[in-house]
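See below for the structure under consideration.
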Amino acid sequence: MVCLKTLSVFLAAFAAADARAVFKTQGHKNSEMIPDNYIVVMKDGVSQDDFKAHVSSVASIHSTNKAKRGTNTEGMKREFDIMNWRGYHGHFDRDTLEEILNDSKVDYVEQDQVVRISGLVTQRGAPSWGLGRVSHRQAGSRDYVFDDSAGRGVTIYGVDTGIDINHQDFRGRARWGTNTADRDNADRHGHGTHTASTFAGTAYGIAKNANIVAVKVLGSDGSGSTSGIIAGINYCVQDAQQRGILGKAAMNLSLGGGFSQANNDAVTRAQNAGIFVAVAAGNDNRDARNYSPASAPAVCTVASSTINDSKSSFSNWGPVVDIYAPGSDIIAARPGGGSTTMSGTSMASPHVAGMGAYMIGLGADPRSLCDRLKQLATPAIRNPGSSTTNRLLYNGSGQ
């Protein structure tokens, strides 16, 4: 005979264990974790009121623990709400973290980590070849053939090191959006200006008439955090929603870090909301499944090709790669005027973001656009990598 008291204790313990949130072990062996910094994601269906109540409770718990133990943790830093996907980032002591994990409204918690650009600077002044390549089936042409609508009426968010919005290549089409990295609203690195010029520059870009928004999530050294990137994505979705341009927007993320479920969830929500999302596969010549946001199934993950239609030696590969695009020795704008040449999957991704905006301008649906680009693409890449597509970006020009 089962003792009812014992059974009730067992069931209570089981229920408590079942309610405890998951602490996700993220990244790969080279990931740089940020000590005592955590991203907390709420369960689907948690209302805004319940979320606010939870945040208030956590702030109170942290304040009590900090006073009791004299820790130097900062507590709550920023909140996220991407189409009802709710969460926050904070700097918490172990006791506060335990309280968070035991809250039944929390889905999972992961430690924040460093994220970096996916570009490699090379020499200045080299000739660019990517525009000609993506508008011709055969390699070798320097002519870019495209519909003159060129992304008109579409907005591209450059989630990066910032953008020199006054550069002549943008002709007044660029504006500053937000900065989650630091207090300096400028591109002190050059990476973000280069990628923006590739996706929408007048001289160097794919979608020459698209609007451009600078979303700074990485600092002058090219690094940032997963939480900062999620905050940038949060801004993009809310801005597009407020401006009524969901379905007429694209986003480029030429960056990456170790695997992060929260990062993947954030870009997935953006994609599902009606923003076409292109991301860099990464530059370690490894399987992109171990990187985020490259491993998110919903986004368009881009590997890098050379002028000879080979996989760039540095490019990540694998089954999560959706498409190849030019990424070696790409010339585009640099802050302050003029141009420079960079290489990386960072340079490949904005070709696809720009092509996404170009196609949206012609009536394509952002939600199914990556599949459309894969259908149009040319099966041209030699030695693409294990279990990796050989398809190279093409704009359907007929050339």
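Quick reminder: no glycine exception, Cβ is built from N, Cα and C everywhere.
Swiss-Prot lists 1-19 with the feature signal peptide. Taken from Swiss-Prot, the feature domain 'Inhibitor I9' covers 38-117. Look at Swiss-Prot and you will find ASN102, ASN252, ASN308, ASN395 tagged as N-linked glycosylation site, backed by sequence analysis. Annotation source Swiss-Prot lists domain 'Peptidase S8' at 128-399. According to Swiss-Prot, the active site, charge relay system annotation covers ASP160, HIS191, SER346.
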Give me the count of other Cβ atoms within 10 A of the Cβ belonging to ASN252 (N-linked glycosylation site). 33
I'm trying to understand the geometry here, so how far is the Cα atom of ASP160 (active site, charge relay system) from the Cα atom of ASN102 (N-linked glycosylation site), in Å to the nearest whole number? 35
Where does HIS191 (active site, charge relay system) sit in DSSP terms: helix, strand, or coil? helix
Check the recorded positions ASN102, ASN308, SER346, ASN395 for other C-beta atoms within 10 angstroms of each C-beta and report the one with the most. SER346
Within 10 Å of the Cβ of HIS191 (active site, charge relay system), how many other Cβ atoms can be counted across all chains shown? 30
Of ASN102, HIS191, ASN308, SER346, ASN395, i.e. the recorded positions, those within 10 Å of ASN252 (N-linked glycosylation site) when Cα atoms are compared: SER346
Could you check what DSSP calls ASN252 (N-linked glycosylation site) once collapsed to helix, strand or coil? strand
Neighbouring C-beta atoms (10 Å sphere around the C-beta of ASP160 (active site, charge relay system)): 31
Quick one: Cα separation, ASN102 (N-linked glycosylation site) versus SER346 (active site, charge relay system), in Å? 39
Spatial neighbours of HIS191 (active site, charge relay system) among the recorded positions ASN308, SER346, ASN395, defined as Cα within 10 A: which are they? SER346
Between SER346 (active site, charge relay system) and ASN395 (N-linked glycosylation site): CA-CA distance (Å): 19
What does DSSP give as the helix, strand and coil breakdown of the domain 'Inhibitor I9' (38-117)? 30 helix, 32 strand, 18 coil
Quick one: pull the CA-CA distance for SER346 (active site, charge relay system) versus ASN308 (N-linked glycosylation site), whole Å only. 19
